[in-house]
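What Swiss-Prot records for this protein:
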- 21-41: transmembrane segment (TRANSMEM)
- 46-66: transmembrane segment (TRANSMEM)
- 92-112: transmembrane segment (TRANSMEM)
- 119-139: transmembrane segment (TRANSMEM)
- 156-176: transmembrane segment (TRANSMEM)
- 182-202: transmembrane segment (TRANSMEM)
- 216-236: transmembrane segment (TRANSMEM)
- 241-261: transmembrane segment (TRANSMEM)
- 268-288: transmembrane segment (TRANSMEM)
- 296-316: transmembrane segment (TRANSMEM)
- 349-369: transmembrane segment (TRANSMEM)
Amino acid sequence: MKKSNKLLDNKKLSFYNSVNNHILVLFGLISITCVFSDFYYKTSNLTIPFIITTLVSSIITFIGIPKLKKIKIKQIIRDEGPKNHFLKQGTPTMGGIFFIPIGIIVSNILYFNQENYNIILTLSFVIIFFMFIGFIDDFLSLKKKLNTGLSSNQKILLQSLISLIFILICASNNLIPQNIQIANKVFNIGNLIYPLGIFVLLAESNSTNLTDGLDGLLSGCSVLIFTGLAISILIENPSNNSTLAPLCIAMAGACMGFLFLNKYPAKLFMGDSGSLAIGASLGGIALISNHLWSLLIMGGILAAESISVIIQVSIFKISKRVKGKGHKLFLMTPLHHHFELKGNNESLIVSSFWLITLFLVIINLIFLIKS
């Protein structure tokens, strides 16, 4: 019995070490990318914001965990979720309030009163307010002692309102180009870009919200996507977008610092305050930099998570109406839960989704370089 327990402990230790190794590899990969970018592009300034935000984010998050435990800010696990998730019950949540502001503050300090600083301010507005919507949702969830805080309609209404204000600010300052670049073609859609912009912010923030279901999944994917966006911006227009690229990498660093404590087994969850803000920042940056196509490619995992839910609900409703009994295509959605119920290890799923995201980022960058 002692021998079997020792063997089990050794397996757990080996597994824990492999998770740490993956995160160190990710940190090293992004750091090298930043250094190379700063060397290659004269206007690039990625290394310093990335290192600063990673360090500060990890320190602030580490300090914040005991504070959350003290005031009993703990995750509520939904009853219909995978059974192994009940082991996560009581893990502190609302981590977004610690790491999201770090990326914003560092960006504002580095580029205060510089050219295009109004872009940083405008994006800071939408990110902070989406974080605040998430905070309200997290708070109400804890108050009700349920996994749901705001209703779907309430959340969509608040997101739509903030998105509309953001779009109006962008329109009055000509921050969003009225054309969309897809592959090598440019489509001028005029004022249609504004309703599209609202849709992008809603779709992206809800996709990131759905993706945040496994330890380190969203934070790790976000590090890669933010970095990919930064490099994409520099490739397309290194001289005019030197403000947006460091903002991307500052957000990547903030997510990276959080990931050190969000890795399996997570010591802290980001909550809706983190996931909604990440989605808003990705969507907002992609809109202003005209990289919606790049975001769609690099955020393939985010899109897949969201689409899996839409397909599942649609098939269930249609089959129930036609046959009188609802049928499911997936064991459970979002998509990561389907793979969980298939018997796959949580960290294996997370690492695989990171790898797919890395592959999609590389594909996008190759495409941009060749075009």
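Glycine is no exception: its Cβ is also placed from the backbone N, Cα and C atoms.
Two recorded stretches are said to be in contact when at least 3 C-beta pairs lie under 8 angstroms, sequence spacing 6 or more; the transmembrane segment (156-176) and the transmembrane segment (349-369) fall short of this definition. The stretch in closest packing with the transmembrane segment (182-202), judged by the count of Cβ pairs under 8 Å and taken from 21-41, 216-236, 241-261, 268-288, 296-316, is 268-288. With a cut-off of 8 Å on Cβ pairs spaced 6 or more residues apart, the transmembrane segment (241-261) and the transmembrane segment (46-66) reach 3 or more such pairs and are scored as touching.
For the transmembrane segment (216-236), the most Cβ-contacting stretch among 21-41, 268-288, 349-369 is 349-369 (pairs under 8 Å). Sequence-distant neighbours of the transmembrane segment (21-41) (same chain, 6+ residues past either end, Cβ-Cβ under 8 Å): 47, 50-51, 54, 216, 220, 223-224, 227, 230-231, 234, 238, 249, 252, 256, 259-260, 263, 351, 354, 358.
Below 8 angstroms of C-beta separation, residues 203-204, 206-208, 210-211, 221, 224-225, 228-229, 232, 279, 282, 326-330, 333-336, 338, 353, 356-357, 360-361, 363-364, 367 of the same chain, each at least six residues beyond the ends of the transmembrane segment (296-316), sit close to that stretch. Each of 119-139, 268-288, 349-369 was scored by its Cβ pairs under 8 Å to the transmembrane segment (92-112), and the highest score goes to 268-288.
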